[in-house]
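To start, the structure under review is shown below, and the notes come after it.
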Amino acid sequence: MPIITPAKLLQRNKKYAENHQAFPTMAEVVENGGVFETTLVLTCVDFRVNPDHFLQTKPEDQILVARSPAGRVDDSFVKEVMLFEAFLGLTSVLVIHHTDCGASHFKDANIRKFHKDRLPDHLEIDNMVFGAFDNLGQSVRDDIRFLKTSPYIPNKLADKCHGFIYDIKTGLLTPVEYDDSA
Ligand SMILES: [Zn+2]
(Lines of atoms letter the chains of each structure in order from A and count residues from 1; the text may use other names and numbers.)
(Lines give C-alpha, C1' and ligand atoms only; values in the text may rest on other atoms or scores of the structure.)
Protein backbone atom coordinates (compact mmCIF):
# COMPACT_ATOMS: atom_id res chain seq x y z
CA MET A 1 0.00 0.00 0.00
CA PRO A 2 1.34 3.47 -0.85
CA ILE A 3 2.32 5.58 2.16
CA ILE A 4 0.12 8.61 2.63
CA THR A 5 2.19 11.72 3.28
CA PRO A 6 1.07 15.06 4.78
CA ALA A 7 1.68 16.64 1.35
CA LYS A 8 -0.68 14.18 -0.32
CA LEU A 9 -3.32 14.83 2.31
CA LEU A 10 -2.99 18.56 1.78
CA GLN A 11 -3.47 18.06 -1.94
CA ARG A 12 -6.53 15.90 -1.31
CA ASN A 13 -7.98 18.56 1.00
CA LYS A 14 -7.54 21.28 -1.62
CA LYS A 15 -9.59 19.22 -4.03
CA TYR A 16 -12.23 18.57 -1.38
CA ALA A 17 -12.53 22.29 -0.57
CA GLU A 18 -13.55 23.03 -4.17
CA ASN A 19 -16.98 21.54 -3.43
CA HIS A 20 -17.12 22.14 0.31
CA GLN A 21 -20.55 23.10 1.64
CA ALA A 22 -20.08 25.68 4.39
CA PHE A 23 -21.82 25.05 7.71
CA PRO A 24 -23.48 27.83 9.72
CA THR A 25 -21.39 29.23 12.55
CA MET A 26 -22.51 28.66 16.13
CA ALA A 27 -23.59 32.30 16.35
CA GLU A 28 -25.70 31.90 13.21
CA VAL A 29 -27.40 28.80 14.62
CA VAL A 30 -28.32 30.65 17.83
CA GLU A 31 -29.45 33.73 15.89
CA ASN A 32 -31.82 31.58 13.90
CA GLY A 33 -33.36 30.12 17.06
CA GLY A 34 -31.45 26.85 16.84
CA VAL A 35 -30.54 24.89 19.96
CA PHE A 36 -27.72 22.48 20.61
CA GLU A 37 -28.85 19.02 21.68
CA THR A 38 -25.83 16.90 21.00
CA THR A 39 -24.98 13.23 21.21
CA LEU A 40 -21.44 12.30 22.14
CA VAL A 41 -20.05 9.16 20.51
CA LEU A 42 -16.79 7.60 21.69
CA THR A 43 -15.05 5.07 19.44
CA CYS A 44 -11.62 3.61 18.79
CA VAL A 45 -9.06 5.51 16.70
CA ASP A 46 -8.86 2.48 14.39
CA PHE A 47 -9.05 3.45 10.70
CA ARG A 48 -11.54 0.63 10.07
CA VAL A 49 -13.93 2.16 12.57
CA ASN A 50 -15.39 5.38 11.20
CA PRO A 51 -18.57 6.38 13.05
CA ASP A 52 -19.44 8.96 10.41
CA HIS A 53 -19.72 6.04 7.99
CA PHE A 54 -21.35 3.34 10.07
CA LEU A 55 -23.79 5.74 11.77
CA GLN A 56 -24.35 7.70 8.54
CA THR A 57 -24.08 10.94 10.50
CA LYS A 58 -25.30 14.25 9.14
CA PRO A 59 -24.32 17.67 10.53
CA GLU A 60 -27.91 18.33 11.66
CA ASP A 61 -27.71 15.22 13.89
CA GLN A 62 -25.32 17.21 16.10
CA ILE A 63 -23.19 14.15 16.79
CA LEU A 64 -19.89 14.87 18.48
CA VAL A 65 -17.30 12.18 17.82
CA ALA A 66 -14.57 11.51 20.35
CA ARG A 67 -11.93 8.91 19.70
CA SER A 68 -9.42 7.20 21.92
CA PRO A 69 -7.41 3.98 21.64
CA ALA A 70 -10.02 1.19 21.84
CA GLY A 71 -12.67 3.81 22.62
CA ARG A 72 -11.86 3.42 26.32
CA VAL A 73 -13.36 5.77 28.86
CA ASP A 74 -10.91 7.45 31.20
CA ASP A 75 -10.63 10.67 33.19
CA SER A 76 -9.90 12.75 30.10
CA PHE A 77 -13.08 11.48 28.40
CA VAL A 78 -15.08 12.31 31.54
CA LYS A 79 -13.66 15.81 31.19
CA GLU A 80 -14.93 15.92 27.61
CA VAL A 81 -18.39 14.92 28.81
CA MET A 82 -18.26 17.69 31.43
CA LEU A 83 -17.17 20.22 28.84
CA PHE A 84 -19.90 19.40 26.32
CA GLU A 85 -22.59 19.04 28.99
CA ALA A 86 -21.86 22.59 30.17
CA PHE A 87 -21.15 24.15 26.79
CA LEU A 88 -23.67 22.54 24.42
CA GLY A 89 -25.90 20.18 26.39
CA LEU A 90 -25.75 16.43 25.88
CA THR A 91 -28.73 14.16 25.24
CA SER A 92 -26.78 10.88 25.39
CA VAL A 93 -23.33 9.31 25.37
CA LEU A 94 -22.56 6.23 23.27
CA VAL A 95 -19.46 4.13 23.94
CA ILE A 96 -18.55 1.87 21.02
CA HIS A 97 -15.85 -0.79 21.12
CA HIS A 98 -15.18 -3.07 18.15
CA THR A 99 -14.20 -6.56 17.10
CA ASP A 100 -10.52 -7.26 16.29
CA CYS A 101 -9.48 -4.17 18.27
CA GLY A 102 -5.75 -3.71 18.74
CA ALA A 103 -6.47 -3.40 22.46
CA SER A 104 -7.43 -7.06 22.55
CA HIS A 105 -4.08 -7.96 20.93
CA PHE A 106 -1.64 -5.97 23.06
CA LYS A 107 -1.08 -6.03 26.81
CA ASP A 108 -0.59 -2.96 28.98
CA ALA A 109 2.44 -4.66 30.56
CA ASN A 110 4.14 -4.97 27.15
CA ILE A 111 3.55 -1.30 26.34
CA ARG A 112 4.92 -0.30 29.74
CA LYS A 113 7.98 -2.52 29.20
CA PHE A 114 8.62 -1.03 25.75
CA HIS A 115 8.79 2.46 27.21
CA LYS A 116 10.51 1.48 30.45
CA ASP A 117 13.32 -0.06 28.38
CA ARG A 118 13.99 3.32 26.77
CA LEU A 119 13.10 5.45 29.82
CA PRO A 120 14.17 3.34 32.82
CA ASP A 121 14.22 6.32 35.21
CA HIS A 122 10.55 7.12 34.63
CA LEU A 123 8.97 4.98 37.32
CA GLU A 124 5.55 6.55 36.74
CA ILE A 125 5.31 4.48 33.55
CA ASP A 126 4.69 1.47 35.83
CA ASN A 127 1.31 2.95 36.69
CA MET A 128 0.24 3.98 33.21
CA VAL A 129 -2.93 2.42 31.79
CA PHE A 130 -3.22 1.93 28.03
CA GLY A 131 -6.65 0.34 27.86
CA ALA A 132 -5.89 -3.24 26.80
CA PHE A 133 -8.69 -5.74 27.45
CA ASP A 134 -9.27 -9.49 27.22
CA ASN A 135 -13.04 -9.50 27.06
CA LEU A 136 -14.83 -7.38 24.49
CA GLY A 137 -18.20 -6.65 26.02
CA GLN A 138 -16.88 -6.55 29.55
CA SER A 139 -14.69 -3.69 28.33
CA VAL A 140 -17.86 -1.81 27.32
CA ARG A 141 -19.62 -2.60 30.61
CA ASP A 142 -16.57 -1.43 32.58
CA ASP A 143 -16.54 1.85 30.68
CA ILE A 144 -20.27 2.44 31.07
CA ARG A 145 -19.82 1.80 34.80
CA PHE A 146 -16.94 4.32 34.83
CA LEU A 147 -19.34 6.95 33.45
CA LYS A 148 -22.39 6.02 35.51
CA THR A 149 -20.47 6.04 38.79
CA SER A 150 -18.48 9.20 38.06
CA PRO A 151 -19.37 12.01 40.47
CA TYR A 152 -19.00 14.45 37.57
CA ILE A 153 -21.71 12.99 35.34
CA PRO A 154 -25.22 14.31 36.11
CA ASN A 155 -27.76 11.55 36.97
CA LYS A 156 -30.00 12.39 34.04
CA LEU A 157 -27.07 11.88 31.69
CA ALA A 158 -25.79 8.76 33.51
CA ASP A 159 -29.11 7.14 32.53
CA LYS A 160 -28.40 8.02 28.90
CA CYS A 161 -24.97 6.37 28.65
CA HIS A 162 -25.14 3.35 26.35
CA GLY A 163 -22.60 0.77 25.22
CA PHE A 164 -22.24 -1.02 21.88
CA ILE A 165 -19.98 -3.37 19.98
CA TYR A 166 -19.26 -2.63 16.32
CA ASP A 167 -18.49 -5.65 14.14
CA ILE A 168 -15.89 -4.67 11.53
CA LYS A 169 -16.91 -7.61 9.30
CA THR A 170 -20.70 -7.04 9.20
CA GLY A 171 -20.74 -3.29 9.90
CA LEU A 172 -23.42 -3.90 12.54
CA LEU A 173 -23.70 -2.38 16.00
CA THR A 174 -24.94 -4.56 18.86
CA PRO A 175 -26.08 -3.02 22.14
CA VAL A 176 -24.26 -4.25 25.25
CA GLU A 177 -26.64 -4.79 28.14
CA TYR A 178 -25.51 -3.07 31.29
CA ASP A 179 -26.39 -4.43 34.69
CA ASP A 180 -25.55 -2.35 37.79
CA SER A 181 -24.47 -5.45 39.66
CA ALA A 182 -22.24 -6.85 36.88
ZN1 LIG B 1 -9.65 -0.53 18.23
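Sequential numbering from 1, following the chain as shown.
Heads up, the Cβ atoms here are built off N, Cα and C, so glycines get one too.
Bear in mind that TrEMBL entries carry predicted annotations, made automatically and left uncurated.
Bear in mind that the values here come from a model prediction, so they are computed numbers and not experimental data.
Per TrEMBL, the features are:
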- C44, D46, H98, C101: Zn(2+) binding site (BINDING)
Legend entry - Set of same-chain residues at least 6 away whose C-beta sits under 8 angstroms from C44 (Zn(2+) binding site): R67, S68, P69, A70, G71, I96, H97, H98, C101, G102, A103
Inset, instruction - In three-state terms from DSSP, label C101 (Zn(2+) binding site) for me. - result: coil
Legend entry - Nonlocal neighbours by CB distance (under 8 Å) for D46 (Zn(2+) binding site), same chain, sequence gap 6 or more: H98, C101, G102
Legend entry - Other CB atoms within 10 A, centred on C101 (Zn(2+) binding site): 25
Legend entry - Neighbouring C-beta atoms (10 Å sphere around the C-beta of H98 (Zn(2+) binding site)): 23
Legend entry - Beyond the site residues C44, D46, H98, C101: chain residues whose C-beta lies within 8 Å of the centroid, for Zn(2+): T43, V45, R48, V49, A70, G71, H97, T99, D100, G102, A103, Y166, I168
